[in-house]
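Engineer: Per Swiss-Prot, the feature disulfide bond maps to 3-17, 10-22, 16-34.
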């Protein structure tokens, strides 16, 4: 895949589409998703 869209599970920022960051929805907790 070219990049992971918003809401996609991820392990690092570089897997996410341009402008998205790999972040948890709850601070410092897994799982992490491509979010703003």
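Just so you know, glycine gets a Cβ as well, placed from its N, Cα and C.
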Engineer: Hey, what's the Cβ neighbour count for residue 10 (disulfide bond) at 10 Å?
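Structural biologist: The Cβ of residue 10 (disulfide bond) has 20 Cβ neighbours within 10 Å.
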Engineer: These are the disulfide-bonded residues: 3, 22. Which one scores highest on other Cβ atoms within 10 Å?
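Structural biologist: The most densely surrounded of these disulfide-bonded residues is 22.
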Engineer: Looking only at C-alpha atoms, tell me how far residue 34 (disulfide bond) is from residue 22 (disulfide bond), rounded to the nearest Å.
Structural biologist: 4
Engineer: Using Cα coordinates, what distance in whole Å links residue 16 (disulfide bond) and residue 22 (disulfide bond)?
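Structural biologist: Cα to Cα, residue 16 (disulfide bond) and residue 22 (disulfide bond) are separated by 7 Å.
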Engineer: Fewest neighbouring Cβ atoms within 10 Å: which of the disulfide-bonded residues 16, 17, 34?
Structural biologist: 17
Engineer: Between residue 10 (disulfide bond) and residue 17 (disulfide bond), what is the CA-CA distance rounded to a whole number of Å?
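Structural biologist: Distance between the two Cα atoms comes out at 11 Å.
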Engineer: Measuring Cα to Cα, tell me the gap between residue 22 (disulfide bond) and residue 3 (disulfide bond) in whole angstrom.
Structural biologist: 12
Engineer: Could you say whether, by DSSP, residue 34 (disulfide bond) belongs to a helix, a strand or a coil region?
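Structural biologist: Going by the DSSP assignment, residue 34 (disulfide bond) falls within a strand, counted as strand.
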